[in-house]
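*Asks:* Per TrEMBL, transmembrane segment is recorded for 9-24, 44-66, 86-111, 117-134, 146-166, 186-213, 234-255, 288-311, 331-350, 396-418, 430-454.
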Amino acid sequence: PKARGWKKLMAYVGPGFLVAIAYMDPGNFESDLQAGAQFKYELLWVLLLATVSGALIQSLAANLGVVTEKHLAQHCRLEYPPKVNLVLWFLAEIAIVASDIPEVIGTAYALNMLFGLQLWIGVVLTGLSTLLFLALQQYGIRKLEIFISILVFTIASCFFVEMFNARPSPVELMKGLFIPRLSGNGAAGIAISLFGAMVMPHNLFLHSALVLTRSTPQTMEGIRDGCRYNLIECCFALLVSFAINLAVVAVSGAVCSDSQLSVDDADRCSNLDLNRASFLLKHVLGSWSGVLFGIALLASGQSSTITGTFAGQYVMQGFLELRFEQWIRNLLTRCVAIVPSLVVALLGGSSGAGQLIIISSMILSFELPFALIPLLKFTSNPGKMGPHVNHRKVTILTWVIGSSIILVNLFYLASNFIKWLQRSRLRRLHIALLGIAGFLALLAYALLAAYLAFRKDNEGTYRLSSSVEEEQDGFVDKESVVVN
């Protein structure tokens, strides 16, 4: 407890990097590749904004667990009525399934690259990844994390080398990072998918629970140190993920905008997905580009399975007080994710599967407010956080971020739904019925977000230990240790 510097920081290293693995999953790679291929560097500012927002929001999730010794799902169960609690649990489960879809398709792409299997066969075989997950976990979760991270960082290193060879314009990169633009058809959808692929709702539940694996002393100094070191570790882990995603966008943008691009490569860029992206590394890896990209993609999908499984376990335990074996939890989530992936793979092929990854990332962005708003409310509540409550500036900034996400999602949903109705060839009666149903769904979305935002919290959970009270007052009343 009295250690300082690197020694103490290393005791806290782990949760942030496990959370950051989800920032480097196939869904992120897919969104990055399409953003670079279609809009070059124009959407890099979204990537930067998402990473900064993610670091801030993830630090709040870590603080909630450190201070209260309860994770976000447990707080929701204690705070909200049973019906609202059930709705939030259902939305959290949908988010976990949506995050698992890119892992299913990414694994299928990897099997296609490595063994030439058809996409739908690869989707079916991804159910066996549960067995692989269990086999590797027998050697210890930390060894498993290190093994998979090495493979993921291998492909990241290749993209860094390829970015050096592609020589993207530094001026254009800076403009893309710091000048917001949404020009061109489909830019808003890709931007939302980028943000959704970076800030994931299930990661908020996961991070607030993972910090509980560290024995943080429940004293004023111990809690402050826990929050500080978790913030440092989280920021560094997300900085690494940002560099990797930046390299993927830069390589995709530089290669696909090259005036000397061959006809075949130009065709790949026009419809770029994970299954056709290995050609981006051919200048570094030559004929081995497809093999190594497939291995790393397989590793990326399986590493993200870990975070999804853990998040699902904490969500189910927190909301419903149920606990399954990890292999059962993983199998259930994977089976649900396989169904839409298999249908799209059979009907739409590689192109349809790539679009499904983008859609799943957008679903994550749409569902983010229902995990983010409770987190902001709880960490801004003195009854839950005591003296470790959010600073006023942090509260204002995080609420601005959350409100912006909700407004953008509502606008994007409404505008695209109206365009779809206008282009459809349905009868007027059917269009009217669909319009009413869509309007009611958007209204329910807004009302639930408003309920979570403006409802007054009732449950005070902050507890002072005797050592904390001694630090504050020099005296402890053993019969009054609960502060509401």
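Cβ coordinates come from backbone N, Cα and C, glycine included.
Note that TrEMBL annotation is computational and uncurated.
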*Asks:* Top stretch among 9-24, 44-66, 288-311, 331-350, 396-418 for CB pairs under 8 A with the transmembrane segment (146-166)?
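*Replies:* Answer, by Cβ pair count: 288-311.
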*Asks:* Mind checking which residues reach the transmembrane segment (331-350)? Cβ under 8 Å, same chain, six or more beyond either end.
*Replies:* 96-97, 100-101, 103-105, 108-109, 119-120, 122-124, 126-127, 129-130, 273, 275-276, 305, 308-309, 312, 324, 356
*Asks:* With Cβ-Cβ distances below 8 Å as the criterion, list the same-chain residues six or more beyond the ends of the transmembrane segment (44-66) that contact it, or say none.
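*Replies:* For the transmembrane segment (44-66), the list is 15-16, 19, 23, 32, 35, 72, 75, 173, 176-181, 191, 194-195, 198-199, 203-205, 207-212, 216, 223, 226-227, 230-231, 234-235, 238-239, 241-242, 245-246, 249, 372, 375-376, 378-379, 384-385, 388, 390, 394, 397-398, 401.
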*Asks:* I need to check the long-range neighbours of the transmembrane segment (86-111): which residues 6 or more away from its ends have a CB within less than 8 Å of a CB in the stretch?
*Replies:* 22, 25-27, 29-30, 73, 76, 80, 117, 119-123, 125-126, 129, 200-202, 205, 273-275, 294-295, 297-298, 300-302, 304-305, 308, 311-312, 315-316, 319-320, 333-334, 336-338, 340-341, 345, 350, 353-354, 356-357, 360-361, 363-364, 367, 370-371, 374, 448
*Asks:* Quick check for me: are there 3+ Cβ pairs below 8 Å between the transmembrane segment (288-311) and the transmembrane segment (430-454), leaving out pairs under 6 residues apart?
*Replies:* no
